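Taken straight from TrEMBL:
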- B:30-50: transmembrane segment (TRANSMEM)
- B:133-369: domain 'ABC transmembrane type-2' (DOMAIN)
- B:178-200: transmembrane segment (TRANSMEM)
- B:226-247: transmembrane segment (TRANSMEM)
- B:259-278: transmembrane segment (TRANSMEM)
- B:290-308: transmembrane segment (TRANSMEM)
- B:348-366: transmembrane segment (TRANSMEM)
Amino acid sequence: MSNKGSSSELAIDARGLTKHFGSLAAVSNMNLSVEKGHIYGFLGPNGCGKSTSIRMLTGLLTPTAGSIEVLGMSIPKQAEALRLRIGYMTQKFSLYDDLTVKENLEFIAQIYCLTPNESKRKISELLSTYKLIKQAKQYAGTLSGGQKQRLSLACSCLNDPELLFLDEPTSAVDPQNRRDFWEQLFDLSESGTSILVTTHYMDEAERCHGLAIMEQGYIRADGSPNELMRQMGAHVIEVSHPNLRQLKSELILNAEIKSAAQLGSRLRVLVDNKISDPMGWLRQIRPELVESELRQVPPNLEDVFVTVTGQDRDSDRNSPRKPQTSEAN
Amino acid sequence: MSLTNRLLNSLRRIKAITTKEIRQLMRDRITFGMVVMIPLIQLLLFGYAINTDVRNVPVAIVDQSNSALGRWIVEAIKVTQVVSIESHYTTASEAEAAITRGEIRAALILPPNLTEKLANKETLGQWLVDGSDTMIAGAIKQLRHMPLDQITGMKTEAPPTFEVALFYNPEQRSAVNIVPGLIAVILTMTMILFTSAAIVRERERGNLELLITTPIKPIELMLGKIFPYIIVGLIQMTIILGLGNIIFDVPINGDIAQLLMGTLLFIAASLTLGLIISTIAKSQLQAMQMTIFIILPTILLSGFMFPFEAMPKPAQWIAEILPATHFMRIIRAVVLRGGEISDMRFDALWLVGFTVIGIIIASLRFNKRLD
């Protein structure tokens with residue numbers, strides 16, 4: 001897993017990546033740089049182009065336009081050679097239900113042409129790393145969601161990949177398994193593996209070194225989670241008020257209010273940065289808030305997501321996006 | 001990487017696919033059972049059921065003469081076993097109504113002046129036949145010249161114009177022709193069905209999405225999937241010919257090596273046909289439908305049931321495309337006539353050509369891309 005001197009320090013470098021299916025633009029003009037050894041996340045709702053992007057980066061789909069370099073190889077031209085150096089975990093469990101855990105691992109090892117000794121050593125190592133020793137002789141179809149997911153990860157690690165593509169790896173597992181899974185990803189990252197992971201969980205996205213927020217085929221913002229939160233361009237105010245539903249529906253009619261989301265007995269309101277005193281401004285436009293408790297809190301990733309994708313703003317979907325976040329660094 | 005190394009890796013991947021395929025086949029108990037049960041049951045079914053000698057056609061008698069001669073003739077007809085007399089009517093119109101109702105296939109009308117007609121050497125009676133089934137009509141037609149020597153005591157028949165010597169199946173048993181042909185039909189069915197489902201199943205279950213991200217090449221996947229079914233095909237051939245020999249006394253006149261070679265050629269051709277289907281079909285149901293699309297003409301046009309030569313030219317051209325037609329000729333030549341593959345080189349070459357072109361088409365069609 002040495003970083004070749006000649007190639008850049010980027011594991012993935014895509015420029016102007018575009019994919020049309022007929023008249024539908026699944027991915028539009030995507031620029032992506034993933035540093036080696038980093039965990040990079042694609043955050044976005046279903047159908048935003050995450051899977052299509054991964055499929056183009058692995059050479060499974062031919063881009064309509066744009067250039068891709070993965071591990072210094074030009075894709076899709078060198079896709080076959082790339083396959084020896086990457087691992088890929090599909091969104092749906094794609095191993096054989098009627099083979100045992102061990103047989104599945106052996107099968108993939110043979111496909112990658114590991115020697116019998118290598119294969120044996122690697123499989124027993126992976127079985128213990130991914131806590132599957134007890135299940136080794138169990139049919140994969142009878143595993144739990146978390147076990148299936150660990151088996152998938154184990155299989156995609158058999159060839160010691162330099163770069164792992166994980167397509168919504170945690171969509172079918174419980175929170176405890178998700179936490180464990182991420183610990184394993186950090187172990188892999190620690191040992192030098194670059195990882196590209198798609199998710200629609202905010203807490204997972206927050207753990208990535210780098211992050212791209214996608215919507216309708218566009219990267220709306222990218223950078224590290226901290227950068228994104230810093231550059232969000234909105235204040236976060238939590239409002240306590242007896243009639244939150246009513247307040248919310250009235251507040252979001254203001255162009256300066258980017259979002260208002262109810263959290264239990266509080267309303268989380270995102271106010272545009274143009275307003276220098278957001279609490280005063282809120283009380284000014286809604287006099288009934290003078291008595292209410294208002295509190296400015298630090299932004300989280302969900303706030304970023306909401307700001308850049310314009311969720312909750314159905315009435316205002318076509319407003320221009322903030323350029324400083326979508327073209328950051 | 002050197003060429004030998006690459007070839008070795010290729011073989012390893014083919015072996016991986018084959019091993020996996022055999023494991024899955026062994027675990028799928030119903031499919032595994034079908035490998036044995038399909039040829040077994042169908043052999044018994046077709047071996048006994050398909051009979052081109054027409055017997056026991058239900059008929060009625062309308063004997064208006066009510067004479068001793070009339071009863072004699074009816075007895076003589078019974079003896080032929082071609083017909084079985086179900087009922088007696090007094091008028092021809094009653095008999096016709098029974099034919100319309102489908103109770104009987106034909107009726108024999110013997111006129112009141114029967115004895116007189118015999119003396120004048122006239123035609124004695126008339127058969128009213130439901131001619132819609134040509135096989136049955138043909139059988140009744142044979143009764144036209146039924147000799148009446150025993151009744152009249154005089155020789156009415158002239159010596160036959162030709163003498164016929166029957167080779168290979170002197171007793172004229174249908175099973176002798178059906179059983180070797182059954183190998184072609186059953187192998188077509190199972191080989192195409194298994195392989196056509198093989199790749200579609202992986203696509204449906206999502207396995208293919210993973211496989212295409214691995215270094216496996218389409219041709220390796222195709223070959224790896226074919227190998228287990230070659231063994232399945234040979235097992236089925238052994239069951240059909242072995243039991244056909246024991247139960248239906250079908251002779252195996254040819255050399256076993258020739259038999260194996262011919263069968264392998266056909267298995268290979270059928271498997272590639274299945275692979276092509278599997279690269280076209282999007283679901284197992286579609287694969288099944290396409291397989292049936294091929295099986296029907298195989299049964300009806302390949303010469304399995306009806307003589308190939310009797311079909312009109314366009315039907316013969318279609319039949320020539322089907323691998324089963326060529327194998328039908330090879331297997332009958334080898335099993336029944338003790339022939340060799342070299343005697344049937346056109347058919348053998350055709351199967352080889354079909355396989356090679358088929359594999360190439362299937363590999364080209366199976367794209368490791370998703371678009």
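A Cβ is built for glycine as well, from the same backbone N, Cα and C atoms used for every other residue.
Just so you know, TrEMBL annotations are computer predictions that nobody has curated.
The stretch from B:30-50, B:178-200, B:226-247, B:290-308 that makes the most Cβ contacts under 8 Å with the transmembrane segment (B:259-278) is B:178-200. When Cβ-Cβ distances below 8 Å are used as the criterion, the transmembrane segment (B:30-50) is approached by residues 174-175, 178-179, 182, 185-186, 189-190, 194, 232, 235-236, 239-240, 243-244, 247-248, 305 of the same chain, each at least six residues removed from its ends.
Contact counts against the transmembrane segment (B:226-247), taken as Cβ pairs under 8 Å, peak for B:178-200 among the stretches B:178-200, B:290-308, B:348-366. Within the chain carrying the transmembrane segment (B:178-200), a Cβ under 8 angstroms from the stretch's Cβ atoms is held by residues 21, 31, 34-35, 38-39, 42-43, 46-47, 50, 208, 221, 225-226, 229, 232-233, 236-237, 240-241, 244, 248, 250, 263, 266-267, 270-271, 273-275, 277-279, 281-284, 286-288, 290-291, 294-295, 298-299, 302-305, 323-324, 327-328, 331-332, 335-336, 366, all 6 or more beyond its ends.
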